[in-house]
Amino acid sequence: MTEIKNLNFGELERWVRQQGWKKFRAGQIAKWIYTKKAGSYDEMTDLSKDIRNFLKENTVLNVLQLITYEQSKEDGSIKFLWRLKDGHTIETVFIPERNHYTLCVSTQVGCAVGCDFCFTTKDGLIRNLSTAEIIDQYIQSQRFVGLEKRISNVVFMGMGEPLANYENVKKAVQIMTDDRMLGLSHRKITISSSGIIHQIKRMYQDSSFPQVRLAVSLNAADQKTREKLMPISETNTLENLMKTLNSLPVKTGYRIMLEYVLIKNVNDRPEDAHRLAKLIGKNKKRYKVNLIPFNPYPGSPYERPEEERVNRFHKILWQYNIGAFVRWSKGKDISAACGQLRKKEITEKVSFITPAGLKK
Ligand code: SF4
């Protein structure tokens, strides 16, 4: 069975031709799936009954099943928990912002990177998500919240390291940015990596990887602290990472985002802020710094800094003229840490629910 959302436009056209159909059928099918977000082949009324039946019998349209969701009363963000065909579960977060909607998607079941502050990685990596499983997070979330709330921004910041699932993520980005498919703006897609140097270089050298924004989890401005927080730093050292980032061909409007999770008494002291500013040095125009106060989860060894500590750190960066902003986590009243709702489902066996009753 072909999972139809695994195919980018060129592959969809080839597949359509293999069935002996005219090429334009690819455009028709893509329009139903990606523009109209059809949930079944029966909705595709401008396709003949024979074609619809063939599609039903030979392809899979939907690859995610909604298990449950939590909606924040504070800010309206929604965390979805989906079941995959093999029974594993993943999360996606829908985030209403001031004037647009953002979706945070997962790229792996679990994660192998092992960041010390991260809930997702506790059970290690289970498997990569397929392109269809990444794309369906967008389509099913959009169907759930209603097409009038168009999700314009996508951040690959959910469960998993996107660049460790390189090919499937690349194809998902191709589908997202193709005007014949989801048609999102390149600038509104952000891939967030823990800093796997060879994969970052590969992405920038790969002409078939659509240009999107890059975010890198820095989390410390010195090797020792970074290594403690992110063991991946032992092989992808801070020095080499910064050297690589400083040499990437970054176009105007595509500044690299340095993500910095602020953890109380670990990396949030004034000297840490000064060190970060020095690390960025003269490359200020190349970066933006995203400060994210740590989101504690049950049993986490770290604490969230108080607002004044966050503001102090922020102010120091501004004094160096470094573009920095604080991202207060959305949905603090729901299972906010990435992977937490999934864990809850595993331990509490949340039952399957339907979207009825969702507060929009
Ligand atoms: S923070 Fe991201 S890269 Fe690090 S372990 Fe968690 S999911 Fe993996």
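Quick reminder: no glycine exception, Cβ is built from N, Cα and C everywhere.
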Same S-adenosyl-L-methionine site per TrEMBL - residue from S130, S192, S247 joining G160, E161, S217, L218, N219, N295: S192
Neighbourhood of ligand 1 - binding-site residues from C111, S192, L218 with Cβ under 6 Å: C111
Any further residue of that chain within 8 Å (Cβ to the Cβ centroid of C111, C115, C118) of the recorded [4Fe-4S] cluster site: V113, G114, F117, F119, T120, T121, E161, S194
Pairwise CA distance, L218 (S-adenosyl-L-methionine binding site) versus C115 ([4Fe-4S] cluster binding site), rounded so that it is a whole Å: 11
Most crowded position, judged by CB atoms within 10 A, among S217, N295 as binding-site residues: S217
Pairwise CA distance, G160 (S-adenosyl-L-methionine binding site) versus C111 ([4Fe-4S] cluster binding site), rounded so that it is a whole Å: 5
Lowest local Cβ density among E91, E161, which the record lists as recorded positions, within 10 Å: E91
Top Cα neighbour of E161 (S-adenosyl-L-methionine binding site) in the set of recorded positions E91, C111, C115: C111
